[in-house]
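The structure under discussion appears below in the form of structure tokens.
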Amino acid sequence: MSVLDQNAVDINPRISEAEVGDYIALLKPRVMSLVIFTALVGMAMAPGHFHPVLAITSLLCIAVGAGASGALNMALEGDIDAKMSRTANRPIPRGRITRPEAMTFGMTLAFFSVMTLGILVNWIAGALLAFTIFFYVVIYTMWLKRWTAQNIVIGGAAGALPPVVAWAAVTGTVDVEPLLLFAIIFFWTPPHFWALALFRSDDYARAGIPMLPNVAGPDATRLQILLYTIVLIAVAAAPWALGYFDAVYGVVSLILGAGMLVLAINVYMRRERSQSLRATRKLFAFSILYLFALFATLLAEVVFRALAPMAGGA
């Protein structure tokens, strides 16, 4: 049965008794926080002056677009979420919100976020935001996630696009710098989510999602995590190696990368189940810290550059 057929079967004409908190949960606030932060870094890196009102508008539109993607994802995956312990308490499996309501909510937010960004800022950014939402909802959620173990690899492009959208909001173009940010997030995604998939493999198997551990096995997944981590370290150092950022960022990226590598090697070496679960959980948790710290360093250097001339003039 296809995703659309499943949705048709599950449509319930009743009106739910949802509270505001249930609709907020549809937006996936934790994912939104990462989207906003990476978009902020992309915006701060962009050259030229950007009016604060337009900057706030752009970030809000990107955030709302991400929230719309989350709501549409939950609407389409209500059947999956109900089978997984990690997602069973989401509003749709609990019966707080119906799938048609979530779909309407998500589509409304998607429309207004794209149109607002396009009309008030520029249509390059608006088009990129529309493509990001489309890629996450249609390409990843409706197709890749249910049909291929490479779902995270290809689908990770959607999560990597917010800095590119933010850069385009400022400049109306796309350049090398935001593509480097895109590449960092893109290559960070597989180690992050495959670590989750390793210690949640039973959950994914129960839901019928072909995550790599359930298709290729845990050992192959551990090797892929290690290989992608090595690539990630090199990609993360690229903004410094190519001369876009100073040595401070380069050192921080290598230190953080060393931490990721040690944990990835630990995951690769630990084959006994209890030790493997601990190792994968540590890598998953550290990977979140890794990305925030890496982008925080980028942002700090951009801010320092902006303040340095004023300090010198004083």
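Using the three backbone atoms N, Cα and C, a Cβ is placed for every residue, glycine included.
The transmembrane segment annotation in Swiss-Prot covers 31-51 (among others) and rests on sequence analysis.
Marked as transmembrane segment by Swiss-Prot: 52-72 (among others).
Sequence-distant contacts of the transmembrane segment (119-139), counting only residues of its own chain at least 6 positions beyond either end whose CB sits under 8 Å from a CB of the stretch, comprise 54, 57-58, 61-62, 65, 68-69, 72-73, 76, 106, 110, 113, 154-155, 157-159, 161-162, 164-166, 168-169, 172-174. According to Swiss-Prot, the transmembrane segment annotation covers 119-139 (among others), on the basis of sequence analysis.
Marked as transmembrane segment by Swiss-Prot: 152-172 (among others). Only residues 6 or more beyond the boundaries of the transmembrane segment (152-172), in the same chain, are considered here, and those with a CB under 8 A from a CB of the stretch are 31, 35-36, 38-43, 45-48, 50, 54-55, 58-59, 62, 66, 69, 117, 121-122, 124-125, 128-129, 131-132, 135-136, 139-140, 144-145, 178-179, 181-186, 189-190, 193-194, 197, 211-212.
The transmembrane segment annotation in Swiss-Prot covers 179-199 (among others), and the record cites sequence analysis as its basis.
Residues 176-177, 180, 183-184, 187-188, 190-191, 194-195, 253-254, 256-258, 260-261, 264-265, 267-268, 283, 294, 298, 301 of the same chain lie 6 or more positions beyond the ends of the transmembrane segment (225-245) yet place their CB under 8 Å from a CB of it. Look at Swiss-Prot and you will find 225-245 (among others) tagged as transmembrane segment, backed by sequence analysis.
Cβ atoms under 8 Å from those of the transmembrane segment (247-267) belong to residues 191, 195, 198, 222, 225-226, 229-230, 232-233, 236-237, 239-241, 276, 279-280, 282-283, 286-287, 290, 293-294, 297-298, 301 of the same chain, restricted to positions at least 6 beyond its ends. According to Swiss-Prot, the feature transmembrane segment maps to 247-267 (among others), an assignment based on sequence analysis.
Long-range neighbours of the transmembrane segment (284-304) within the same chain, counting only residues 6 or more positions beyond its ends whose Cβ lies under 8 Å from a Cβ of the stretch, are 34, 37-38, 40-41, 44-45, 181, 184-185, 188, 191-192, 195-196, 199, 236, 239, 245-246, 248-249, 252-253, 256, 259-260, 263. According to Swiss-Prot, the feature transmembrane segment maps to 284-304 (among others).
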